Each structure stands twice: as C-alpha cells, then as structure tokens.
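Engineer: Structure below; questions to follow.
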Amino acid sequence: MTKFVFVTGGVVSSLGKGIAAASLAALLETRGIRVTILKLDPYINVDPGTMNPFQHGEVFVTDDGAETDLDLGHYERFISTKMTRRNNFTTGQIYESVIRKERRGDYLGGTVQVIPHITDEIKLFIRNGVSDAQVAIVEIGGTVGDIESLPFLEAIRQMSVQLPHHDTCFIHLTLLPYISSAGELKTKPTQHSVKELREIGIQPDVLLCRSDRPLPLDERRKIALFTNVREESVISAIDVDNIYKIPALLHEQMLDEIVCHRLGILAKPANLTTWKKLIHALEHPEHEVSIALVGKYVDLTESYKSLSEALIHAGIHTRCKINIHYIDSENIERHGTGCLANMDAILVPGGFGKRGVEGKIMAISHARNHQIPYLGICLGMQLAVIEFARNCLQLENAHSTEFNPDTPYPVLGLITEWRDRRGQIEKRSPQTDLGGTMRLGGQECLLKPHTLARKIYGTDKIIERHRHRYEVNAEFIPQLEQAGLQVSGLSAAENLCEMIELPQSRHPWFVACQFHPEFTSTPRNGHPLFNDYVRAAISFADKSGHAKLRDHNMQKNVATDSTH
C-alpha cells in the first residue's frame, strides 16, 4: 500500500514547496524507494493552459498531453518517474467531476456539499494519482490560511485518520524572516502558521524553515517547543545559488531518514554520487557563453523555467557556464538589435499573441545574417519560417494566420485535423474553445537523413512534447526548400513540419523545432538538442573573441580581488 507525505506551506507563497518535494523525492529514490509526486492546485481553473504566464508562470506539458503546473517540471527533473495528467489536479477539476456525478444522479438525490462530497473527490483523485508508488509526496498549493486551500487540507486530514498511523507524514514549509535592525531570525510567523495548521487538525511531523542564513540552535529549540515538533525534525532550509544543491542540503540534516522512520520504511542508505557530480560540473566550468533569450514574458522568468533549466543542464554536460540574458522583444522593435551584439547564441521560445512578434523576427534575422547559433522553439520555429519567407523568398507581408488572418502569404495556419498517439483523430476550428484544445503531448517525429537534426539526435525517430495550434503551411514548403530552408523533421502521422534548419554550408548552427525539447531535459542526461546548441555557442564564442575577452575580464577581477 502506498504511503503519503503531505507538503504544505505557510506564512507566504512561493517558498519553494515544489523544490522541497522534488528534493525529498530524489533522496528517497536514491534509497531504492519507488516514489511519485502529486500537485494539488486550489484555483478554480480546470488547468493552467489558458492562464497568463505573468500570473502563473510556465505551463508544463506532460507526455500524455496534460497542461500542468510548472512544479511538475521540477518533479521530472529531480526523479526518474514521468508525470501524467493524474499528477496534477485543481479545484476546477474536482468541482467539474462532482457536478458531472450529480447530474448523472450518482448521489441519489442527496444534497451535494463540500464535506463530504468535495473532500471525498479530492481523496479519490489523490489515490488515483499514486499508481504503484511506495511513497507518494503530495504538495498542496497555496498557503495555510487561504480559503481556497481548506477543502484540500481537510481531505488530507481525513486521510491521516483513515490510514494506518505510519502511512502518513506531514511536512510544513515556512519562512523565518531576518530582521536586520534586530539582528535575528523571527520565529513568530512560523509559530502562528503551525498554530493555524493544528487548528485544522494537522500536526506537522517535520518543519522546513526557509531563511537566508543558518538556523541557530537556540531558535531551533524554540521552534520545536512551540510547534510540538521534535528538535531534529526542525530543518534549516537556507537559500542556495542552485536548486540542485538542495537534496544534499536536506540529506545532511537527515530529512530522508526522518521521513523513512516516520513511515516505517527500512531502506538502503542514500547514494548522492550522481548529484555530487552534477554540482561539481556546475561549479567547475571550462567555458562560458552568453545566450539571448528573446521573449515577451521576460519580466517573469518563471515563464521560461524549463527552458532556463534545460540550458543549465546543457552547461553541466558541456562544462560551460551559461549566462542567460532575458531580452524583451518589444525593446528590439523600439531600439533595434544592438542588445544582441555580444551574444554567443540566440534563442526564441514559444509564446502566443501578436505583441512582440516583429522584434523576435528581427532577432532571428540578426542570427541568420551574422552566423550566430540560433535555436527556435515552437513559435520560434514559426517565426523563423516567416523571416525566411520574407527575406529570402521575398514574400513581403508573409505571416501566420494567427497574427494576420488576411496575409497574402499564409506560411503558417491553424491545424484543423491530426491524429494523436492513441490513434484518435482530433479536429479543431477557429471557433473551438481555447482550453485544452491544442496539439498536446508526446508526438512521434521522423528525422531526415543527412541533416543536422539527425546527427544531433543520433536516430531517425524521436518523441517530443507539443503545445501549439498553428503549423507550417505545406503549400509553401517546396518554395522554402528551393530557397535553401531544409525541413529536417516531419510528424509520423500527418507529415506536418516539425523541424527546420539551414544547411551548415549556409549557417554553422540554425535549427528550429515545433515541439518543446525543454520539457524532457534533465540534469542527469541533458537533452541532445540543447547540448549541441551550447557546443555551437562555445565554438562561436571562441571564433568571435568573446571567450578571450571574458577570460581577460575574469583574470582582471581576480587580480583586483587579490589586491584588496
């Protein structure tokens, strides 16, 4: 039977419950325990697919085509278990399911209430999401005290009563603010947060105390005394410069051992060799490159979380320090491409809407004309096609029907029909609802021989995850190819254009894909596309002299530091 670890948060939001849950899962996995993670989101949206990235951050797409919370990306990057649509559910999904049952008459005419019907449905969704895992870590979104979270907290309280004593463990993540005028960490917010949790009926077994400095022993004892938690179970979760250091940080304080003891699990000792190698590679780079990420959501970098992590993973596997420069494409529209002058590579990610599109096209043109390594993802591929059509085919005003329905040269258009991996036909029209209706999840792509894409992947068949409505218009592909643009990947089912590139005789590294390779990158393995992209950036830096300039500046800084 599956055992459960419930992770809650207090004081403020965005403390890092997802990273804490993923780090604990990674530790348990190194001990030979089959583990999975669930994320419960209290918002009423059915999923985050239609939410503004500035409000929610990135939408992470699972292999089975679910649009989920970005925390599921952290889960997949930290453990080997692949997430599915069952690993993330929202208040919207719970109410939708309960109302559907009520309409069918499943409740036999009874009055449908939050307790027991909503809480029972939450418990059912949790049990359905654990699969065959020995331990399921369940992260409750939001903050203790939020009205929206109450049904979820009540549901997990009920589970702790209904399951055997050693089958549940509660971890509460809280904040210890440092007051500089007093010169101390303040424990009162943590005490009140735990008090509120206990009023609901939940007693934490472990406290993770987030702070910017180590937790003094006296303060640890004080917290333990006032929250009814054992002293060794009050864990100091200090800020680190890289999230991949957190498993080792928590292991040093025996979090995995405490949880195993609470759950009555006998497991082999944790083996952090792989994690230590990753950290060593991160901290001892042999190269350094600057990559321009040209987007429209750059004011909230969480919107590109998987992408930035994939670049870091590539840095690990190429022994390269990656400096990501987030550049607003609207600034390029206003001020030109001067901000790209010292970049070693340019990347245009996915996105929706017309705002900032012309700035991205200008960045792509700059990369193509100046032989700078370019990687386009989703919209980044579509705009590369538009840029090529306008400037190499001389198709003035070529565009996507997403941005200009009346364009004389619709080089991209709405996908109206495709076959998913289950073999089912999906159909769409401009009148279709926006939520959950894109081409989503893992799709098979066939790579053409003698292409850079085929060389990078080392195989002729790949599966990558998609999230888009628009595709390259097949009517224009012969013209594009005749002008020198190479279609290097096609979908196996419909022959849709999935990858494009410029021959290396015309450009050293210009590759774009319709899918999202960042969703399958992990720190352990990286991703072949990002790894090769960073190698191309290193080569460009060496040839352009950027690498020598950085080495000179680094040596100058070291010399300056030694004189002080």
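Placed from the backbone N, Cα and C atoms, the Cβ positions cover glycine too.
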Engineer: Kindly point out which candidate in Arg262, Arg465, Arg469 is recorded by Swiss-Prot as part of the L-glutamine site with Gly351, Leu379, Gly380, Met381, Gln382, Glu402.
Structural biologist: Arg469
Engineer: Pick the one from Lys3, Lys39, Lys222 that Swiss-Prot also lists for the UTP site with Ser13, Lys186, Thr187, Lys188, Pro189, Thr190, Gln191.
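Structural biologist: Checking Lys3, Lys39, Lys222 against Swiss-Prot: the UTP site match is Lys222.
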Engineer: Starting from the ATP binding annotation in Swiss-Prot that includes Ser14, Leu15, Gly16, Lys17, Gly18, Ile19, which of Asp69, Asp71, Asp106 is the extra site residue?
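Structural biologist: Swiss-Prot names Asp71 for this ATP site.
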Engineer: Show, in sequence order, which residues other than Gly351, Leu379, Gly380, Met381, Gln382, Glu402, Arg469 on the same chain lie with their Cβ within 8 Å of the centre of the Cβ atoms of the L-glutamine site.
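Structural biologist: Counting only non-site residues, the set is Gly350, Phe352, Cys378, Leu383, Ser400, Leu412, His468, Tyr470.
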Engineer: If you take the centroid of the Cβ atoms of Ser14, Leu15, Gly16, Lys17, Gly18, Ile19, Asp71, the listed ATP site, which other residues of that chain have their Cβ within 8 Å of it?
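Structural biologist: Along the chain, the qualifying residues are Gly9, Ala20, Ala21, His74, Glu139, Leu173.
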Engineer: Expressed to the nearest Å, what is the distance separating Met381 (L-glutamine binding site) and Glu518 (active site) at their Cα atoms?
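Structural biologist: Counting only the Cα atoms, the answer is 14 Å.
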Engineer: In Å, rounded, how far does the Cα of Ile19 (ATP binding site) sit from the Cα of Arg469 (L-glutamine binding site)?
Structural biologist: 31
Engineer: Quick check for you: of the recorded positions Thr187, Gly351, Glu402, Glu518, which have their Cα within 10 Å of the Cα of Lys222 (CTP binding site)?
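Structural biologist: Checking Cα-Cα distances against Lys222 (CTP binding site), the recorded positions within 10 Å turn out to be Thr187.
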Engineer: By the count of other Cβ atoms within 10 Å, pick out the sparsest of the binding-site residues Ser14, Thr187, Gln382.
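Structural biologist: Taking Ser14, Thr187, Gln382 as the binding-site residues, the minimal 10 Å Cβ count falls on Ser14.
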